[in-house]
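See below for the structure under consideration.
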Amino acid sequence: MIIYNTLTGIKEPFVPFSIDNVRVYVCGPTVYDFAHIGNARSVVIYDVLFRLLKLLYPKVTYVRNITDIDDKIINVAQNTNQSIYDVTAIYIKAFHEDMRMLNCLEPTYEPRATDNIDVIISLIQKLVDSGHAYVYNGSVFFNIESYSSYGQLSGRNISQLIYGSRIDIEVGKKHPGDFVLWKPATEIDNQLMSCWSSPWGLGRPGWHIECSAMSYRYLKENFDIHGGGADLQFPHHENEIAQSCCAFPDSRYAKYWVHNGFLTVNDEKMSKSLGNVLTVRQLLNSGITGELIRYVLLSTHYRKPLDWNSQMVASAQESLNRMYTALSSTNVDLSLDDSVELSSHVIDCLKDDINTPKAISMLHEMVTEINKTADMIEKISLTKTLIKTANFLGILQHSWQDWFKIDDNNQEISQLIDERKKARANNDFKRADDIRQLLLNRGIVLSDNKDGTTHWYKK
C-alpha cells in the first residue's frame, strides 16, 4: 500500500510502526449542529481507509474524536437555554444516525474531549514544566519559538506568522503565533458549567491540545496515520505536532499525515451567510439515499476538491442504477459466503493512495462484463464478485428490487410492459414509445435488458 504523506509531499510506501496493530487517529466533528456534506466526506474517506487497513492487517485501532467543548457549542447552549451536555447529546446522536445512513463503520474508539480533561491538564502541565508553555492571567499558551521544527507540515516558518495571519491575537502572548492550551473561565462558562479546575484556575482547554491528549491516551506517543480535512492542516495539525513532540521529545507523533480535499456546493464554499450549507440530514430528507451520497463522495479522489451539484448527483444515480440493473439479470442472493473473493483489481486501486474513483471504474468494468457474457455461470460468478467488492466499498447494500422500489403486485404496470413487448415484436414502435412515455409521466422508468426482459423503477 502506498499513501500520500502531506508531511513529505510525496506518495510513500505505508510501513506501520507495528504490523500487529496499525493505529489511526482522525479529527472528528465539533457537535454544535448537524453534520454537513463536507464533514461526511471526511468520515466516508477514512471509513474506506479503515476497511482497507482491516483487510491488510490483523488489527487496526481507529480513533475518531468528538469535540464536545467549544465556543460554538457554548454559543448554541446560551442561545437555546440548554446545557452544553444537552446540546452535544442532540448532535452526537444525530451524527451517529447520519453516518450509519452513509454505511460508515464505527471507529474503535470515539473519545470526547470532556471525558479527557485529566489527560489534557496533565499534558499541559508537562509542557509548562519543560518550558514549552507559559502561564498568563489564568491562560496557558504554547511557545512556538521553543520548537524549532514548527511549520514543517504546512510549509510555514515562524517569521511568516505575523499579526492577523490566520492566528488568534490575544493579550499575553510572547509571539503572535503562540496558541492557547488553557482558557480561563468566563462568566458564561461558570453559568453553563463548561469549565474545570486546573493548576491555573477554573477554565477549559484549547482546541488543539484536545486531539494531542486523546491520541496519546489511546495510541500513545507514536502512531501511524493522522487524518482530517485539508482545512485542518494549519493551524490545527501543525499545532498538534508541536505540542505533542515537545511533550514527548523522543516521539515523532504521526508518521503519515493524510488530508482530504475541500468540498464546495455549486462551485461556492459552504457558508451560513450564503445559505448553502448542505447537511446530510437535509439530503436524506429530500429523498437522496445514503448510498447515493456515499457514491458521490467516493467518485472524486480524496485529495482533490469535490463540487457537490445536481449534475453529479444525477450521474451517480445513473451509475448506481446501472449496477443494480446488472444484479437484476442474475438475481443473486446478497448474502454471499466466504468463498467469494474481492476483486484484486479494485483492492489494488485502493492500495494506491485510496484511489476510489478508479476502484469504482473497475466495478463498472465488471458490470460491462456481466452484461456482455451469455454464459450464466460466468455471469453469476461475476455478479457475486461485484456485490462482494462493492459491499467492501460500502455500496450495493440493497437488493435490486428494493433499490428500484419494485412492487410485484402492480398488475397494471406489468400489463403495460407486456403490451409494449408485444408492440415491439410487431414493429409497432410508436405504441411501444407511447407506453414508455406514459409510464415515464407517472414516474416509472423502464430498463430493457439484453435477454429481452424489462425491469422498471420509480424515479
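Heads up, the Cβ atoms here are built off N, Cα and C, so glycines get one too.
Feature list (source: Swiss-Prot):
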type	residues	note
BINDING	Cys27, Cys211, His236, Glu240	Zn(2+) binding site
BINDING	Lys272	ATP binding site
MOTIF	29-39	motif ''HIGH' region'
MOTIF	269-273	motif ''KMSKS' region'
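Feature map: annotations from Swiss-Prot on the structure.
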residue : record              : CB count, 10 Å
Cys27   : Zn(2+) binding site : 24
Cys211  : Zn(2+) binding site : 27
His236  : Zn(2+) binding site : 16
Glu240  : Zn(2+) binding site : 26
Lys272  : ATP binding site    : 8
Taken over the motif ''HIGH' region' (29-39), the model's mean pLDDT: 98
Secondary structure content, the motif ''KMSKS' region' (269-273) (per DSSP, counts of residues): 0 helix, 1 strand, 4 coil
Between Lys272 (ATP binding site) and His236 (Zn(2+) binding site): CA-CA distance (Å): 22
Intrachain neighbours beyond the motif ''HIGH' region' (29-39), with Cβ under 8 angstroms and 6 or more residues off its ends: 66-68, 70, 72-73, 75-76, 87-88, 91-92, 94-95, 98-99, 229, 262-263, 265, 270, 277-283, 293, 297, 308
Non-site residues, in chain order, whose CB comes within 8 A of the mean position of the CB atoms of Cys27, Cys211, His236, Glu240 at Zn(2+): Trp207, His208, Glu210, Ser212, His226, Gly228, Leu232, His237, Asn239
Cα-Cα distance linking the residue listed as 'ATP binding site' and Cys211 (Zn(2+) binding site), given in Å to the nearest integer: 26
The residue listed as 'ATP binding site' and Cys27 (Zn(2+) binding site), Cα-Cα, nearest whole angstrom: 22
Residue pair the residue listed as 'ATP binding site', Glu240 (Zn(2+) binding site) - Cα distance, angstrom, rounded: 28
The motif ''HIGH' region' (29-39) - residue tally per DSSP class, helix then strand then coil: 3 helix, 2 strand, 6 coil
